[in-house]
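What TrEMBL annotates here:
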- His66: active site, proton acceptor (ACT_SITE)
- Pro161: substrate binding site (BINDING)
- Cys35-Cys114: disulfide bond (DISULFID)
- Cys68-Cys73: disulfide bond (DISULFID)
- Cys120-Cys310: disulfide bond (DISULFID)
- Cys198-Cys224: disulfide bond (DISULFID)
- Arg62: site 'Transition state stabilizer' (SITE)
Amino acid sequence: MVRANLVSMILLMHAIVGFPFHARGLSMTYYMMSCPFAEQIVKNSVNNALQADPTLSAGLIRMLFHDCFIEGCDASILLDSTKDNTAEKDSPANLSLRGYKIIDDAKQKIENRCPGVVSCADIVAMAARDAVFWAGGPYYDIPKGRFDGKRSKIEDTRNLPSPFLNASQLIQTFGQRGFTPQDVVALSGAHTLGVARCSSFKARLTVPDSSLDSTFANTLSKTCSAGDNAEQPFDATRNDFDNAYFNALQMKSGVLFSDQTLFNTPRTRNLVSGYALNQAKFFFDFQQAMRKMSNLDVKLGSQGEIRQNCRSIN
């Protein structure tokens, strides 16, 4: 009941402050007539999967980011490789992505009700939103109407931000896509969920690093003793969407170099400290940044298609 009241209050706030309900041809009511059950089907698929495995919430959010940052939010991350093409999902940067079966489940159920209407790109965007809320994060709505892309090439994934970038490089990389430094820090807060593999942070352990707490460095070393695929949670509450990630950065306990650099750099340090102090502020800025991410270079109409199967073009 409390959660329901919270959702109602947030929706009311959206109406009061005038958040846009249309963006680049997208619409909040896009499926109201053609497939009114689409959002509920996605939500049910997400909730059922996360009840069985809460760690998948991080996977769905990461999937959206890895989709949208390459070719825009067009579900290119879902396409399987063929004998003539190696797709994005088979890039080393994407091999650890999880949650594909959730998208497949939602798509199949939607196709049974409304064939050829709801795009895989919209399902990915809605699933990430629902995963944030399920894990205790802020509720936000997104406009729908994305079309699915027909291109998915492994070479395009070189544009994904590396875990070895410093704050200036992150700001530049995200800035090229219209994101502000505040967006960068807020979106990095998605690392309040999930884990990192040793291969993505072990380089920090081979040279003296004054920005890394010595006790936490020992923890990371112990994790890596199990091999490159050993996993280290980003913060102490890996399945809860909260601001613990920012508190960890203040304590020099960021797992990735690209995490800790946000606190080490004067340009972003105050944002980290602000979010560590005020979770509500982090939630508000995160939902704004996620709306922006979800609308990144979307395809409309003839620019794409509505796939029958999310893993292959029609």
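Cβ atoms are placed via backbone N, Cα and C, with glycine included.
Distribution of TrEMBL features across the structure.
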residue	record	contacts (Cβ under 8 Å, 6+ apart)
Arg62	site 'Transition state stabilizer'	Leu97, Ala190, Gly194
His66	active site, proton acceptor	Ile77, Glu88, Ala93, Asn94, Leu97, Thr157, Leu160
Cys68	disulfide bond	Met293, Ser294, Leu296, Asp297
Cys73	disulfide bond	Leu64, Asp67, Ala121, Val124, Ala125, Arg146, Met293, Ser294, Asn295, Leu296, Asp297, Val298
Cys114	disulfide bond	Tyr31, Ser34, Cys35, Phe37, Ala38
Cys120	disulfide bond	Ala75, Leu78, Ile103, Lys107, Asp148, Arg307, Cys310
Pro161	substrate binding site	Phe69, Leu170, Thr173, Phe174, Ser258
Cys198	disulfide bond	Leu220, Thr223, Cys224, Ala226, Gly227, Asp228, Asn229, Ala230, Glu231, Gln232
All-chain count of other Cβ atoms within 10 Å of Cys224 (disulfide bond): 17
Number of Cβ atoms other than its own within 10 Å, given for Cys35 (disulfide bond): 20
